[in-house]
Structure formats: structure tokens, C-alpha cells
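Some features that TrEMBL has for this protein:
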type	residues	note
DOMAIN	6-241	domain 'Heparan-alpha-glucosaminide N-acetyltransferase catalytic'
TRANSMEM	12-33	transmembrane segment
TRANSMEM	45-66	transmembrane segment
TRANSMEM	86-103	transmembrane segment
TRANSMEM	109-127	transmembrane segment
TRANSMEM	134-154	transmembrane segment
TRANSMEM	186-204	transmembrane segment
TRANSMEM	233-253	transmembrane segment
Amino acid sequence: MAAGARFWELDVARSGAILMMVVYHTVYDLYAFGGYDIEAVSGPWARFADLTAGSFLFIVGVSLAISSERDLSRGGMRFAPYGRRALKVFGAGMLLTAVFLALGMGYVVFGILHLIGASIVLAYPLLKARLSNLSLILLGAIVFGSGLYVLGAIGDGSLPQPDTAWLLPLGFVPQEGFPMPDYRPLLPWFGVVLFGIVFGRLVYGDAARGKLAPRRTAPAPLRPFVFLGRHSLLFYLVHQPVIIAALALLGVITL
């Protein structure tokens, strides 16, 4: 397979996650800015948001598996490309942090972009060391299970809330609390990335290592979705202003 070759079906899957995100954020904006009686932050819609985030993170893991298998088959992994990718995504997350603070829309301290950037850095040594699939599954289960425990224990009071925000990346929300419209801590969500890595190795490992012929191009009806998936970060950054502006122009929300 040619250097840098992409799997179009992953771009299509990524575009599907983007469309799910657009649906959820439209509902959320109707709730937050329009005052509509929608349970956007709890119940089924909250689970839909979790499913959307999990889809993104699983695909991140698959992509990391493909990149690492390709690099390892060519002599080894260098941190620089992964570090640049992580810095780009994390930097985009910090941009959103600044925008939300400036507009008084809440605190995006450790949202999904921060998480993806951190996950790339954390996954790098595991991939470089060729940690086995079984080990990654076990580690992913520990990370995911720990996150669920922390969430439940803080919720029922059996685990005290910290008085510092420094533990937010691990899922510990401080006592004073503050509105966080986008919060995806490493516990449990890094576990989903690890599961995606295992899936990517199993499904795409041989192709990434050049042992299979390149896949054909995407069918014509799917090519717009391939384009959307390939530019997912840009669409992520601009989709909320576009949704809010569209809803305001339609008169269904008031800013």
C-alpha cells in the first residue's frame, strides 16, 4: 500500500460520527439557547452524545493502529509525527476552551479534542513497544472500568470530590463544580481508544503492513462522506457556530 494511503471506509465512518454530533448539538442548542423542554444533558440524548463520542474515539484507535503498524513495518516509529498530530488536535481543543470562556458559554477544560490529543501521546509508547492485543484489551478494560467506578462513586458520595481542578483529566470533578458542555476525561474514555487499536490491528494490520493490495476508491455516492471524514477536525471546529447561526436565522432560538 502506498505511503499515507487511507481507508475510505474509515473516513465514511468518521463522517457518520460527525453527522451524529451535528444532530446532538442541534438538540443541545435548542435546549441551551431556545429554552425548549428537551432533556439534552441527561437520559437518552446524553447516551446518544456518549455513543457519538465513543464512535470518534474508537476510530481514533483504529487510525493509530494503522499508522503504527505501517511505521513499524518500515523500520520503527518516530514520535515526531504522532506528537505533531497530538499537538494539532490538543491545540484545537485549547482554541475551543478560549472561545467558550470568551463567550461565557461554560468551561471546556478537557473536552474530546483535548482527550484525543492526550490519547495519541499516551498510546504512542504502548504501540512502539508492540504491546499485545490481549494486554491492550486488559488495559482498556481497567481504564474503562476505573472511569465508571469513579463516576459512580463520586455520584453516590462514596468517593469524595477533590478541591482542585487538576484531576479533571482523570474524571474527578471538583467540589465547587462548573458548567462543562464538553467533558471527556481519560477515565473511562481512553479505554475506548485502546479497544479501537485492537480492532484496527485485527482488521487492518496486514493492509497497513503492505501485505494486501490497496483497496479500491470509494463508490461515487459515498465520496462526499469521504471528504467530510478527511476534514473532520475542520468540520468539528466550525459546526457549532454554523448550527447556532442557522437556528437563529430560522428564529427558533434567540441569542
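Backbone N, Cα and C atoms are what each Cβ position is placed from, and that goes for glycine too.
Any TrEMBL annotation is an automated prediction that lacks curation.
In this chain, the transmembrane segment (12-33) lies apart from the transmembrane segment (186-204): fewer than three C-beta pairs between them fall below 8 angstroms, excluding pairs fewer than 6 positions apart. Remote same-chain residues near the transmembrane segment (134-154) are listed as 126, 161, 170-173, 185-195, 197-198 (criterion: CB distance under 8 Å, separation of at least six residues from the stretch ends). When each of 45-66, 86-103, 233-253 is checked for Cβ pairs under 8 Å to the transmembrane segment (186-204), 45-66 comes out on top. Listed by sequence, the residues of this chain that lie at least six past the ends of the transmembrane segment (233-253) yet keep a Cβ under 8 A from its Cβ atoms are 18, 21-22, 25-26, 29-30, 33-34, 88-89, 92, 95-96, 113.
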